Every structure is written in C-alpha cells, then in structure tokens.
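What TrEMBL records for B:14-79 is domain 'HMA'. For B:174-194, B:379-398, B:410-435, B:699-721, B:727-745, the entry in TrEMBL reads transmembrane segment.
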Amino acid sequence: MIIDPVCGMEVDEKSQYKTMYKGKVYYFCSSYCLKEFQKNPEEYLRGGPKGMPHGH
Amino acid sequence: MVTEKKEELRITDKEEQLKIIGMHCATCVMSVSKSLKSVSGVKDAEVNLATGSAKVILSGNVRLKELVKAVRKAGYDVATEKFTVKLNVNPEEMPKIERKFENVKGVVDVKSNPGLGIVSVEYNLESTTPEEILKEAGVKGEIINEQRSERSVLYEDFYDLLKRLVIGITFTPLTYLFPFFLGILLSIPVQFYSGLRFHKGAYRALKNRTTNMDVLVSLASNILWFSGIFLHSTFYADASLLITFILVGKTLEAYIKAKMSSEIRIEPYKATLKDGRVVNSNELKVGDIIIVRTGERIPADGIIESGEGEVNEAILTGEQKPVLKRKGDNVLAGGILVNGYLEIYVTRNWDRSYIIQVIESVRGAYNARVSIQNLVDKVSSVFVPIVITLSALTFLVWKFVLGYNLYSSLLFSVAVLAAACPCALGLASPMAMLVSVRRALKRGIIIRDGSILEEIRNVNVAVLDKTGTVTEGEYVIITKKEFINGAFDLATIAESRSIHPIAKAFHKIMNDGKVEQFEEFPGRGIYARVNGNDVIVGSKDFVKSNCDWNVEDEGDILICVNGRAGGIVNIRDKLRDDAKRVINYMRERGIRVIIATGDSSNYADEIGKELGVEVRKGLTPDDKAELVKELRENDNKVMFIGDGINDAIAMREADVGIAVSSGTDLAKSAGKVVINSLDDVIGLFEQAKLGVRKIKENLAWAFGYNTVIIPIAAGSFYPTIYLPPEYAALAMGFSSVIVSLWSLVPI
C-alpha cells in the first residue's frame, strides 16, 4: 500500500494528487498534503509523515 | 410575548447536516472542516469520514449556499438535488417568492425565470424535500417532472386563459345590449369566471402581504362592477370589457411564453434499426446499429460503422456547411445527412446525448439575473401601492377639488388602476435574456449562465490558452536528437498512453512496447516504465528536476531515460486562422490579451510575437488559475478562454469562463459559455451587446409606458385626451405583449 508522505495515510495509486520528485512518484490523499509536500519535500522524506493534524 | 419568542428564535443555534462527497482520509476531514469553519456565522463543524457527512452548527444568519460554496472551493462537493416548479404568479412577484424559498431550511440556491413563471430550487437532500420546501415557503405550485413537462404546464396556462377569454368575448357584448338586470346577470360569468384568475391572484398576493398586477385588475373591475349595481349605471358592463381586454393581452403573452418554451425542446427523432424496425431515439440502447439515409436526421450520438456522407450539424454548431463523415467518425444526434448512407453504432443514450446536454445547459441560463434587475425589483415592490394611492388621489382631486360628479371621478380613478402595469417591468429583463441566449445558441454559442451577457462587457483582461485555442492544437515534431540510443522510441511508447495534444505528435510514429506503469502530471509531463526503463518526458523544468541532465542541448521537450538525458525534441503547432482577427477585435475593445500556456517551448514566444501579445509559458493548470486569481485581485474583470477540460480550474476562477469545445461531452466543460471556435468570441460580444441593449430598451418601454399612460388615465389631459377604464385595461394587457415581442425583434 502507498503511504501519503505528509500525513501518513494509506492512499490509492489512482489518487489524482501526485507529484514527481527526483525521479520518484509520490501520491497524496488531498490537495492539502500535495501542496505541503511541494513546499518542502525534503522535510517529509527525511523526517517521515507528520501525522494529523499538521498546522491547519 | 410574540416579540420575545422571535428574539429567542433568533439567538438559538441552528444545525445543518450535509452529505459531503469526495472525502477519503483524515486530511480531507480537516480540509472540509476548516473550510466550513471559515464561513462567518459557523460556530462549529463536525465532519465524519465514515458517514461522509458534516454537522454544522450555525449561530448567525448563514446561508446554506455559503457553506456549499466553501466545501466546493476546498475541492469537495455537497450532495444536493434540484427541482423545478411552475408557479401561478406574476413576474413582478418573483423576487419576493425567491426570497421566501431562500429562507426555507435546506434550500441551497434559488433561480427563477419570471418570464416563464418557473423556479428552480437546489436543496440539501439531508434536511428537506421539495414538498416540504413548498409547504414551508407557503407557495403553491406544480412540481415539473417528466410526466408534467414545463411545456405542457405553460400550454395549460394558455388554454385556461383562452377559455376565460372566450367567455369574456361571448358575454361582454351582451351585457351592453340587454337592459339593467339582465345585463348584470350576463356580466356575472365574466366578472366571476373570466376574472377569477385576477381575484384569486389578488387574494393570494394580499395574503402573502405583497401586491401585484392582479390586485390592480381585481380592484378596478370590482369597483366598477359593484358601483354599477349601486349607482344603477352600466359600469358592470365596463367591468366585463375591462376583464376581457386584459385577458386578450394576457392570453397572447401566455401563448408567446409557451411557444418560446417549446421551441427549445427537442422531441425524440425516429430511428431505423438495421433490422428495419422504426423506434423513437429515446428507445435506442448503446450498441444498437441504426441506418440513416439521405435527408434524414441523425437520431443518436454514435460512431459510423459503415458508409459515408455529408452531415449538416448547424443545429449543434451553427455552421451551415456540411462536413464529410466516414467510417470511424463521430456523429451527433440532430445533424442532418445531406447526402450519403450511414450505419451508425449508438454510443450514448438519448438522455445523455450532446443535444440534450446543450438544451439542459441553456435552460439554466434563462434564469440569470442582470444587475439592473435589482432596481427593477425595488420599483416593482412599491409600484402597486403607489398606483393605488395615485388612484385614490385622482378620485379625491376630481370629486372634491375640481368638483366633478361621482361617476366621472370614479372612472378616472379606476382608469388609473387599470392602466398601470407592473407586469411589463417584471418581464422586460427575463424575456430579453431568454431571446438572447436562444439567439446565441443558433450561432452555435452555448450560454450556460445568462449573467455573462452583462459581465462580458466589463472584461478588460482576456487570458487565452494557447494549444487548441489560439493554435490548431495539432503538434508536429520538427527536429529530434538522441543522446541515448532508442530514447525517442521509448518516449513514443510512453506517450501512446497520453491524450495530451503534444503526445499526439508522437503517436504519429507507430511503435510497439510494453508500458508497465504510467503517470501523467498535467501541464508538466509524463512518467512511464517502458520495457523495464524509467522514462520521463515533458517540459524542461519538469524533466530537469527529475533527471541528471548532463548535456547542454535543450529542446522544447526533454526525454530522460533511467535518470539520464535521453534526447530532445522540437515541436511546432499551427496558428489558427481566426486567432489574429479575434485578438485584434479584443484589443480594439481595449482588452489586454495574455496567452497562458503549459508549453514551455520557444515556439510559445514566437506565437506571442506574431500576435503581438504577452505570453506566460510553462504554466500548469493550477498556475493558470493562480494567474487569473491574481489579475482579479488587481481589480480586473478577467475572461479566460480555453480548452473545456484541461483549463477547468482557471475557467471557474475567471469572471467569464469560455470553453472552446472540441469534445462532445458538454457536461465535462466548466465554461459559462461553450463555443465551437475562437471566432465565436466576436459573435458572443455582439450578442451580449444586443442582449443588454434589449434589456434596457424593454425597461424603457415598461417605465415609459407607465409614465405616459398613468397621467392620461388620471385625466390630466381631459377633455382633449381621455382614457376610459376598459381601454386603459387594453393598454395594460398590451404593454406586456409589446415587451415580449420587442425582445424577439432582432435589432
């Protein structure tokens, strides 16, 4: 199962929220998580998912 | 005590349950909850992922519409339903009725068409039903569904009026011919059957604490009739003539409305199946094969299985020139086969066919309101009380100031009641709107929201998508270079899974291979695993940020294979013939034109130079939406013209979103307007100009009519010009007819 790197939720590969970073595809549960990731990908890739909630 | 209770109700929190669509994780819950709480007046929102619902606690006077809007803005949706209801009210009462519906719990949005007397209500499934809404609003009306179409309801209205008119025409002359008692008896059917509509309408309006045309007619005819009895005069016969004359105008108006409504309706066509059976097109199923011969109308959306012929699709595109269609081509229901023979494989049910989608969309547009309507609504709401006051003043002046007798004073004051017409005011704008939207449709321009006719005139920035809008959208590869052998082949195989116009340039070169994984990033590029290789194809920024790009060459499109520079491709797209003309037209109107494109190639700059406009290149669909938003925040009125599907977000963000339709699925298009080619933009501007002018002219007719006729009716020019009540009534009836007919005049 694919994990949303921002919130740690399980996501489907068919998710419309996705991006490519350094040649690898990442999937997200919502546009919110996608935008968070795009702001600072390294933070989530190094530190792992931050869970819920994340600074709403 | 009552006041206290009201106070209590006002401060009590209200609760609304919403069904949210599209949530699938905790972040979604947070997003929806956050957006709901951002609406002012929302005290709390509990969003439940398991049930897909939201409980919202409202402390202030919050419109449900705001909540739904907030949820939709966050990228989710609220489950709502719509119903349409035909009301027996006059056009000038509509704003009040609309407000009544809006105040009912569970109502999201209300759109009314005063011209046709039809209201469409969007409501929250979770909290109410159409029946409950009607009951709560205290409005009586007939819910229109498949069994009771809008058209049949409007025709029923016309026949009802016609029946009453016939009675009026039959009995009224007799009331003048026969002596007093017999005359009164003969006037009863006219006064209390033919005139019943007006008396009932007046009673209903007064009960609802409003006033309308019926109040004026009922008051005028009853004053005449009863005073005729008490004063032993033929006033009762004048009352009959007054009612009959008003009915002439009203019947004619009802006929025009019914006719207008039926013209936009399409009856199912006859379809011949391959086995020879003839059925209606709404009985066809996907997969049926139908036969169409020369001169016949194509009864369903489908693909040509065999045969060929020229098809005139003017009904759909406004283009009169027939188009040659061959095996494999799409055809749409409504087109006429000018010559040839076709066997068509049906691909869509009648209810989902393109032509039905168009009709559904356009019907929605009729209900739009223009800003001037707010002023008209205000005037309409005080119009009748003012007229009644004027009528009373007229009586008092003639009787007590000028010293005339009771008869003459009464006739002048009743004439004022009979002459004033708020109906024409109520009809002026919706009728012009209805005609404009239909006229645009005949040119192939689908207006889905009539308010754009007004908005488009204020547009000062136009953002145009490039590919497929300004250019033909058919890319060709002009040069290519490989750094890794076979990179181009791998890119071709990968692009075979994409439907992007640039991908189609690759498609032209046939290639076989296995695509194991495929991901598309709109506006940026694609990633695919082909024959065991990781392949990335796309714009410079996208590819370079995901690839170890170690070569200096840069093309329009880069290919990365297994993390290394694989090759480059340069592409070109042809400028559309009409692009220059349309852009010049817009510039002459003082509109700043910007081309916004996902294409990051040098070609985008060349296009900009050739057309002499600004270019923003390498934009994702989100970037385009952001650009539109930014422009709007700087007090610009922004129009976005683009592809119906890819640019949906930018189109929604714009004041006027125009989709250039290349597809056949209108439901997917986000634009408020759908056009067939860029050239239609000029037609749209012209139609908007004509439409808004018509609205103004109609209002001038309506206001002008009342300004002129009321003083005459009050006897200001007596004895030179004088208007008896029955002729004043005739004038009243015809003012609405004039407004309706003037809307139809194409100048």
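Residue positions begin at 1 at the first shown residue.
Backbone N, Cα and C atoms are what each Cβ position is placed from, and that goes for glycine too.
For the transmembrane segment (B:379-398), the list of distant contacts is 92, 95-96, 210-213, 215-216, 219, 404, 408-410, 412-414, 416-417, 420, 422, 425-426, 710, 714-715: same-chain residues at least six beyond its ends, Cβ to Cβ under 8 Å. Mean pLDDT across the domain 'HMA' (B:14-79) comes to 79 in this model. As a summary of secondary structure, the domain 'HMA' (B:14-79) carries 22 helix, 23 strand, 21 coil according to DSSP.
Between the transmembrane segment (B:410-435) and the stretches B:174-194, B:699-721, B:727-745, Cβ pairs under 8 Å are most numerous for B:699-721. Outside the transmembrane segment (B:699-721), and at least 6 residues removed from its termini, the chain residues within Cβ reach (under 8 Å) are 372, 376, 387, 390, 394, 398, 412-413, 415-416, 418-421, 424-425, 427-429, 728, 731-732, 735, 738-739, 742.
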